[in-house]
Amino acid sequence: MELVRQNNPLIHCMTNDVVMNFTANGLLAIGASPVMAFSAAETEDMASVADALLLNIGTPSNEGVDSMVLAGKAANRAGKPVIFDPVGVGATPFRNEISKRILNEVDVAVVRGNAGEIAALLGQAGTVKGVDGKINADVKELCLQAAKALRTVVVVTGEVDAVSNGEQLVAVANGHEWLTKVVGTGCLLGGVIAAYAAVQPNSLVDAAVEALAFYGVCAEQAYEQTKKEGIGSFQQTFLNELGNMTDEKAAALKRVEQIC
């Protein structure tokens, strides 16, 4: 986190309409600089100068995906990490098609999704209702399989998060269920992973693990402060924690297990 705050990475967020404000505020809180550029007239230029690119298909359109692919290729040429959040993949054929297109045409550094979304990328049967994926599977094994199949770093989020590059497998147990009651927390996590990847581009597993642990600790601390008040207070306090949390405190509270 100190690296993020010191370097103030520019994160090009091609994210969905529902979460743009929350994503921008969350990235500002951790010390990154968000920019939202969607037009095909400028996405390549913006992706080239940004420190990382987030592609999120929460509110997809054909034109939007065309712009995402242009931006992704530009980020690849510039050597900038691309984070892909396949929101709701598995729910409709359209989301399946555009996810395949992005993965086929863009060199994605990290894929982040819930178990249902990651299973859908592998063509496995799951249940995706809206953007909430539910599947009966070993999340850790799913993560390892997906990383091997997609040949990239995969983050599977859930009660316990998992990160793998196909060889290493790490579990992160931090977090709180109230995150699922605030729209946009999963999408913001993609942006936070992008910020960490921007300052640790050669250690993407470590970047993802540290981002997850930091994010989860912030959620736990926010819950402890607001559990008698409710979700609205939790959301505000969570943003405060993102801005106030130190590496030292997060390190003391993180629950990370290296599985292999």
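A Cβ is built for glycine as well, from the same backbone N, Cα and C atoms used for every other residue.
According to Swiss-Prot, the features are:
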- Met36, Gly184: substrate binding site (BINDING)
- Arg112, Thr157: ATP binding site (BINDING)
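Annotation for Met36 (substrate binding site): spatial neighbours Cys13, Met14, Thr15, Met20, Ala24, criterion Cβ-Cβ under 8 Å with sequence separation of six or more. According to its DSSP assignment, Thr157 (ATP binding site) is in a strand.
Taking the Cβ of Thr157 (ATP binding site) as centre and 10 Å as the limit, one finds 28 other Cβ atoms among all the protein chains shown. Within the same chain, residues at least six positions away from Gly184 (substrate binding site) with a Cβ under 8 Å of its Cβ are Val18, Val19, Phe22, Thr23. Around Arg112 (ATP binding site), the same-chain residues six or more apart in sequence whose CB sits under 8 Å from its CB are Ile83, Phe84, Asp85, Val154, Val155, Thr157, Leu189, Gly190, Ile193, Ala208, listed in sequence order.
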